[in-house]
Amino acid sequence: MSAGGDFGNPLRKFKLVFLGEQSVGKTSLITRFMYDSFDNTYQATIGIDFLSKTMYLEDRTVRLQLWDTAGQERFRSLIPSYIRDSTVAVVVYDITNLNSFQQTSKWIDDVRTERGSDVIIMLVGNKTDLADKRQITIEEGEQRAKELSVMFIETSAKTGYNVKQLFRRVASALPGMENVQEKSKEGMIDIKLDKPQEPPASEGGCSC
């Protein structure tokens, strides 16, 4: 396996598991990050899907292993084994679906049952493009994250809003990144994804 430019150093791998209720946008967030695309036709994830992405950070290269889990009840028994050796849990809810938000506490409890405090947890409120149907305010999301001592961000997989920032913030919190965070207090790490450079012109939607 290639070290992707980190000659003499094995490429560090970090496992990110995406959790949340059905149709909150877990697969769409991964697809936006991996391919910068969005598919309007919804297809439920069956069981567990796995994708891998190399990220070139300021001072090193890491490989993110993205595990996309099914939200349906019938697949719940599979999920703990995937949480068990994860570095990061990304718990996603739909800002237009109150139940999906309420269930985030249960998902985070599941993560802590399997991993204790030895895990980074990011709470993500997805579908900000549907602001007119919003049921959970950003303040409520921030408050929930504060109560549960986890990170928080809102995103739109459809427009791409904050998706890169989500992964930047996760990357800045990875084990061994403390020295980079010191140099980069705002977590604004220069991340080059392993795909051709995008033209500097329009990027479609907000590129925050």
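We number each residue from 1, going along the chain as drawn.
Backbone N, Cα and C atoms are what each Cβ position is placed from, and that goes for glycine too.
Residue ranges 71-87, 190-206 are listed, and Swiss-Prot annotates 71-87 among them as motif 'Switch 2'. DSSP gives Lys127 (GTP binding site) a coil state; it is part of no helix or strand. The two recorded residues Asp39 (GTP binding site) and Thr27 (Mg(2+) binding site) have their Cα atoms spaced 10 Å from each other.
Checking each of the recorded positions (Thr27, Asp68, Tyr82) against Ala157 (GTP binding site), the C-alpha distance stays within 10 Å for Thr27. Mean per-residue pLDDT, taken over the motif 'Switch 2' (71-87), amounts to 78.
With Lys127 (GTP binding site) as the anchor, the candidate recorded positions are Thr27, Asp68, Tyr82, and the one with the nearest CA is Thr27.
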